[in-house]
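Taken from TrEMBL as is:
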DOMAIN    10-58  domain 'Galactokinase N-terminal'
SITE      Arg28  site 'Transition state stabilizer'
BINDING   Glu34, His35, Thr36, Asp37, Tyr225  substrate binding site
BINDING   Ser68, Gly125, Ser126, Gly127, Leu128, Ser129, Ser130, Ser131  ATP binding site
DOMAIN    94-183  domain 'GHMP kinase N-terminal'
BINDING   Ser131, Glu163  Mg(2+) binding site
ACT_SITE  Asp175  active site, proton acceptor
DOMAIN    286-367  domain 'GHMP kinase C-terminal'
Amino acid sequence: MNEQELKVIFEEKFGQGGDIRTYFAPGRVNLIGEHTDYNGGHVFPCALTIGTYAVARKREDRVIKLYSANIEHVGVIESSLDDLTNKDAYHWANYPLGVVWAMIEKGSEIKSGFEMCVWGNIPNGSGLSSSASLEVLTGTVITDLFGIDKTMTELALIGQYSENNFNGCNCGIMDQFAVAMGKKDHAIFLDCADLSYKYASVKLDGAKIVITNSKVKHSLVDSAYNDRRNESSQALADLQTVCGISTLGELTDEEFEKYGSAIKDEVNYRRAKHAVAENQRTIKAVDALNKNDIETFGKLMNASHVSLRDDYEVSCEEVDFLVETEWSVPGVIGARITGGGFGGCTVAIVKDEAVENFKETVGKAYKEKYDLDAEFYVVDIGDGARRLS
Ligand code: ADP
Ligand code: MG
């Protein structure tokens, strides 16, 4: 499928004519800095050239019609500007409807309904942020169709606001920010405390970014995500009794050693230890990349995985097996779990000549152990959400 074929589907569903426009929003992969965004730390994601396409057109009335070519069996979902509530029956369409709701909540005037067909070529629910892609895509469509003036950062915040308040996932800002602000061949070094950011050129001379989809998603994802947020804030509250910080991201490793004993609960201690160390690793990793020191970058990715596995406990058996197998393949510079966790994808940096063997070795070992077919994506870094035509 491509955007032209999606347009044909659009016309089949909603009829021809009028001002039909096409849009794209990428998925993203986070290279390092996991579960640091909501802890006031740094992240280092990049937008991908794979993502979600939309074809859309304004309507004269107040009706909203939505169709996903990925989830055909749901059919066309119909809602209205006058009844924007989350309903189970709306299925996936709660994401775009949430963005419409959030834009109105934040004061934008959406003058009429619209119809939109979407189709994505990123896996859903695997940690490559198809949800943020769909949210920022919807924001891009609405601002363009209705001439609403919003910066891409504002669209990222609206996407997060809708995911938090309409869809009930308490996510941080990283995903939407990366999808909105992506830049070809660059990753985004984002300070989540104040949304200041710098682009860093990702020139992996002789190496590729390879994503491996474990195809598992353990059902505790959303509840565990919210638990980790609570555990981190309890640790922060304990630390605030001994030092004047407002987020865990403000601490260095040395400061954490000095003050960490103030955290009463052992589990909360390990959550904070990860948040602090991961933030410091991210700063070091970007520095290494800027110096073209890919080896150090890879080692920090490996350490990130160990910390997510042991201290933050957001990995799972299958993904640990994948990452540990990846570490043993010649030509792998670094590998870790990426995304929220409990399944989903790994991200690895693999030397060009080693990529084929990587896929074969990891795929075979995984199949033997879990009888699952891992999927591999050798990805390119692309631009953020935009109108195509
Ligand atoms: P992730 O963001 O890691 O892919 P989530 O569980 O946060 O995983 O979001 C996945 C959900 O987003 C899907 O279950 C679906 O509801 C919605 N979604 C994403 N892309 C599409 C698409 N192309 N068509 C319909 N729904 C989509
Ligand atoms: Mg998501």
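Every residue gets a Cβ built from N, Cα and C, even glycine.
TrEMBL: automatically predicted annotations, no manual curation.
Keep in mind that what you see is a predicted model, and the values were worked out from it rather than measured.
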*What's the longest C-alpha separation between any two of Ser68, Gly125, Ser126, Gly127, Leu128, Ser129, Ser130, Ser131, the listed ATP-binding residues, in angstrom?*
20
*Consider the recorded positions Arg28, Ser126, Leu128, Glu163, Asp175 and say which one has the Cα lying nearest the Cα of His35 (substrate binding site).*
Asp175
*Looking at the binding-site residues Ser126, Ser130, Tyr225, whose Cα is closest in space to that of Arg28 (site 'Transition state stabilizer')?*
Ser130
*Within the set Arg28, His35, Thr36, Ser129, Asp175, which recorded positions show a CB-to-ligand 1 distance under 6 A?*
Ser129
*Counts of helix, strand and coil residues, the domain 'GHMP kinase C-terminal' (286-367), according to DSSP*: 50 helix, 16 strand, 16 coil
*Which of the binding-site residues Thr36, Ser129, Ser131, Glu163, Tyr225 have a Cβ less than 6 Å from any atom of ligand 2?*
Ser129, Ser131
_Around the C-beta of Ser68 (ATP binding site), how many further C-beta atoms are within 10 angstroms, looking at every protein chain?_
25
*For Ser129 (ATP binding site), what residues in its own chain, 6 or more apart in sequence, show a Cβ-Cβ distance under 8 Å?*
Gly27, Arg28, Ile122, Asp175, Ala178, Val179, Gly339
